[in-house]
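Taken from TrEMBL as is:
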- 32-150: domain 'Metallo-beta-lactamase' (DOMAIN)
- His62, His64, His140, Asp210: Zn(2+) 1 binding site (BINDING)
- Asp66: active site, proton acceptor (ACT_SITE)
- Asp66, His67, Asp210, His269: Zn(2+) 2 binding site (BINDING)
Amino acid sequence: MNIHFLGTSSGSPSLSRNMSATGISFERSKAWVLVDCAEGTQHQLLKSSLSPYHLSVIAITHLHGDHCYGLPGLIAAIMVSGRTAAVDLIAPEKVIQFVRTTLALTQLDLPFDLRCHAIEYIENKLTFDCCEIEILELKHRVPSYGFRITELQIPRKLRIEQLQNDGVQSGPHYNTLQKGNDVYFNERFLRAKDYTFYSWRPRTVIVCGDNEKPALLADAIKGVDLLIHEATFTNRDLIKIRSNTGHSDALRIAQFAQKHQLPALALFHFSVRYHGQDMLTPLQHEASKNYSGELIFAYDGLRLYGEKASQLEVHGLGILGLRILLPCRPVCLCI
């Protein structure tokens, strides 16, 4: 599983940060998932290893423009890429209306099926070839959501000793079992789940939209490897503003992560008041004093990646102990 931060600013862009967009890609699938799509996301993709052609699922957290204004253009880019396979759009109903209206008014005739899933009518989760996505309700000035994403298509390994002990000798049926399919052998029914195991534990991340109440995630974060959450302000600045921003501050989300012993926390969606050299220092100070896990301050172009080797058998994240990340440096997720 790879996390690509394409946009980490809130409200409006700056010279160093675009607005919200986060890509999730997977080792065993070319398909990838995009969470939020601000204006300018197409341009950010050009700087990444992600291709519009392979974009299979788009998930939008809420209807504010800094999270969805890039959708029509990106959908057009997917069309231009030559894709004919279906694309799934998970979004609030009003965002879907915005997309459909824009495509209709601009007479964009898509060569692929844009399958729209209105969040308001999704009972719990959706399953795709590459991953499973669970919908999480958050609190903001408008309905806002988070997405709990668990990877699928993890390669299996055979329990060779068990097969041999049960008198199942090698043959084409081994390959069938390793692919996760049940098979008949010498008039015996062999279940793949009995003779195989996953090469690594499925990894799970949560990517949140705007949210002023981290406690809403208390149940969903159990077993999660990485929480990606907004930290729009410092606690001190949020108190000064004295208005219903609907946003979180670095202090509260850090305290929440510490209370629930989250292994890793990535913060993003920073107010433009903190853009520029050393401007994130107040946020970093608040969060690092209140959270002892792996703390990441995301920036545009940051990629967190998982290795395919034996490190993946280790439970929990180890992000090199980094607290402040340097530009253009991919960081390994050893899960």
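Placed from the backbone N, Cα and C atoms, the Cβ positions cover glycine too.
TrEMBL entries are annotated by machine, without manual review.
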Have a look around Asp66 (active site, proton acceptor) and count the other CB atoms within 10 A of its CB, chains all included.
22
For the domain 'Metallo-beta-lactamase' (32-150), mean pLDDT (0 to 100):
97
Of the residues in the domain 'Metallo-beta-lactamase' (32-150), how many are helix, strand and coil by DSSP?
39 helix, 35 strand, 45 coil
The residue listed as 'active site, proton acceptor' to His269 (Zn(2+) 2 binding site): how many Å between their Cα atoms?
10
Provide, as an integer number of angstrom, the distance between the C-alpha atoms of His269 (Zn(2+) 2 binding site) and Asp210 (Zn(2+) 1 binding site).
8
Near the Zn(2+) 1 site, what residues other than His62, His64, His140, Asp210 in the same chain have a C-beta no further than 8 Å from the centroid of the listed C-beta atoms?
Thr61, Leu63, His67, Leu138, Arg141, Val142, Pro143, Ser144, Gly209, Asn211, Gly246
